[in-house]
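Enquirer: Take a look at the following structure, please.
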Amino acid sequence: MTRVATADALPELRSLDVDTRLVAGVFGLAGAAGLLVARVALNANLASGVAGSMGTLQLLATLGPALGALVVATATDDAPERIGLAFVGVFGLLAAIVPAATTAAVVAVVAGGSLAVARRWRQVDRSLDWHALPVVALVSAVAVSLAAGIGVASATLWPIGTNLALLGAAATPALLGHGRTDWAFGGLVAAVLVAIGLSAPFVTGAVTLIGGGVVGASLLVLAVGLAGLTTTASAAARTRHWHALLGAGLLFAAGVPASLPRALAVVLGVLLLVERRGGVSA
């Protein structure tokens, strides 16, 4: 898809003097968070009336990050990133309307998302060193989890994807500056999770499975993943790195990317986490 064709599909937001990546993050987070809250509430019997709206919420959770990808595609000056995000957004929308296109959408999301993230990494002048490990783990989690989740590969890959996603989340503090206070918040949240997990293991397992799609991960790995993500969110909020804050929120709301809505949110979240503080919309 060319830049002209993509721009025709959505308004040229750059002319409105807004950070299109932040707009995209808000779109994606709104859809992913809404579905997460509904899943947890339904599982806890707090809102049984939500059951009839789950189909609509799943659709919105797909549309949010897919539209977010297209919003960024209209603004970026990098052709490969634009093409990658166009594939992610267009095929994400197509799969939401035509379920038969899901397999093609999986390929487009994995390939297009990987291309877009790799190109953005270069654009913001990040070094190709160990700091890239969380990105590699999260992108790999998308590929492995999606393949298992939609039945293209063996379901035994799902636990592998789960652990990749959690370890990738645990390593996200490497993508931005952080301090002792941020690690303290992360450690506190992890300690609370471990305490709840030990006292109510079945409840913890049910919530993490339904809400986060977590399969085959130990309580320790789950706690480490949540600690890393909390540390990242704390550091992002403290330094007003809004791209990273939205990115961390997207990863938390999405959970393990074993379905298309979750995978779209993770791809968008990783793209935002790659941004440097004060990054421009292009």
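Here the Cβ of each residue, glycine as well, is placed from N, Cα and C on the backbone.
The following feature annotations were taken from TrEMBL:
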- 21-274: domain 'DUF8068' (DOMAIN)
- 22-42: transmembrane segment (TRANSMEM)
- 54-73: transmembrane segment (TRANSMEM)
- 85-118: transmembrane segment (TRANSMEM)
- 130-150: transmembrane segment (TRANSMEM)
- 156-176: transmembrane segment (TRANSMEM)
- 183-203: transmembrane segment (TRANSMEM)
- 209-229: transmembrane segment (TRANSMEM)
- 250-274: transmembrane segment (TRANSMEM)
Enquirer: The transmembrane segment (22-42) and the transmembrane segment (85-118): do they have three or more Cβ pairs under 8 Å, with pairs 6 or more apart in sequence?
Expert: no
Enquirer: Average the pLDDT scores across the domain 'DUF8068' (21-274) and report the rounded value.
Expert: 93
Enquirer: Would you mind listing the long-range same-chain contacts of the transmembrane segment (209-229), meaning Cβ under 8 Å and 6+ residues beyond its ends?
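Expert: Those are 36, 39-40, 42-43, 145, 149, 158-160, 162-163, 165-173, 186-187, 189-191, 193-194, 197-198, 201, 248, 251-252, 255-259, 262, in sequence order.
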